[in-house]
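If you check TrEMBL, you get these features:
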- 41-392: domain 'Luciferase-like' (DOMAIN)
- D59, T105, H155, Y159, S230: FMN binding site (BINDING)
Amino acid sequence: MTKMHLMWFSAFSPHAGFGMDGWAGPQTGRGYDWTQPELWQDMAVALERAKFDVIMLGDSLAVPGTYQGRMDAYLRYAEHAPFHDPSPLVAIMAAATRRIGLAATLSTTFYPPFLLARLMTTLDHLSRGRMAWNVVTSYKVEEALNFGYQELLDHDQRYDRADEYMALCEQLWSSWASDAVVMDTDTNTFADPDKVRPIDFQGDYYRSRGPLNATPSPQGRPVIIQAGTSERGQDFAATHAEAIIVARETPEEMKQFYDQFKTRVRKFGRAPEACKIFFLAKPIIADTDEEAQQRANALYAHAPVEAGLAALSTMIQTDLSAYDLDQPLPASLQQQAIQGIRSQLDRFYGSGQAPTLREIATRKVSLDSAPFVGGPERVADELARTMEAVGGDGFAIRQGMWPGYVNPFVEQVIPLLQQRGVVRTEYTGTMLRDHLQEF
Ligand SMILES: Cc1cc2nc3c(=O)[nH]c(=O)nc-3n(C[C@H](O)[C@H](O)[C@H](O)COP(=O)(O)O)c2cc1C
């Protein structure tokens, strides 16, 4: 039996799950206000009880306006906005838990490296070594406009700059030796000055004197997570990431990606197990298989297509309002989507398929990536069987942080996975890096 790691990936909160099944749906659960701490803390406690490796919070820094050149659809459907800043969210979740890992998304384009390095060090202290950083380079032009730029750097250049950003952060995180803090009252010495060094970093994009004005945290540096899957994005991940999130539709496609990516990690001089692959999975669970299928059908039938068009438009940075809903997107557009998240289209148009724009927009706001539909037994079986076929690592459960999603998975599916011996029943380590490297 192949064991699986588990991440709860809550993107584009508060409505994550999207559309009917998101902020407005029956699954969200009553009595919670997403703006308040209790929802986030209670869900973190529930996922820790289920021994998840990590909770990951996505983020973005703008209300988009790609679709129809207006913000209307994004605001109406809470699509890609609003977001709480993920840093205080992971801090309050850390305060309510002891073992589960917590990941915040922060942009290399908009966050100054020194501030980010110190923020992550502080959060790693406060969580006793459970922090991860989801490294994004940002892809929306509206994010650039919010920071006073007219446009973003080109796709590959964003990654080049991010490589330098990582090198700078790495030096800041190493600027204090692990034994630099002595706190010796006899000699009235807090830190040994010989063990704290300026870095005098001089790059093409960044300069920094250093050292960090924060002491080394339990993990030393946050766990690095990444989700870009272009060739350049995969090279970046193979160099830096300890976990990646990937959308693939079938076990065969997952297996193919798994083998190729692990080879790439080896090519960059790292052990393949140094970077874990999490495949996106969206479980739709009900008491019986029939009920779950009915729920999935209803979700698809009632999906607000316009919300899907708005989501895809911003993800591929192209206004899709001008395209025929009942035709596949032109191949030229599929190629152009490079500035945004092109893999959003690639996965729909892979293996010679040609779904219409209406179909992919509907899918986007209903079933989305790799749906696992059924009663708890069926969902547990399919997750276990898929992981066996792929050969390892885990799933990023792509759902909202709401009781209606978290509780059925935690209470009904996790015990079945534990009985099969494919997920952990106890944490063996205390820090996030320990969880990822446990198997
Ligand atoms: C599953 C998934 C989650 C992502 N989450 C975020 C996010 O929260 N914030 C963000 O700015 N970008 C996010 N992205 C975008 C990626 O970080 C990246 O910018 C994008 O995929 C383009 O890179 P690529 O061409 O290498 O795929 C996500 C992408 C994927 C596939």
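Glycine is treated like the rest: Cβ placed from N, Cα and C.
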Discussion item. Just to confirm my parser: what is the rounded mean pLDDT across the domain 'Luciferase-like' (41-392)?
Written reply: 94
Discussion item. At 10 angstroms around each C-beta, which of the binding-site residues T105, S230 has the fewest other C-beta atoms nearby?
Written reply: S230
Practice prompt. Find the longest CA to CA distance in the recorded FMN-binding set D59, T105, H155, Y159, S230; express it in Å as a whole number.
Written response: 20
Worksheet item: Under 6 Å from ligand 1 by Cβ, which binding-site residues from D59, Y159, S230?
Response: D59, S230
Worksheet item: Three-state secondary structure of T105 (FMN binding site) from DSSP?
Response: strand
Practice prompt. Run through the Cβ atoms and count how many others sit within 10 Å of the one on H155 (FMN binding site).
Written response: 17
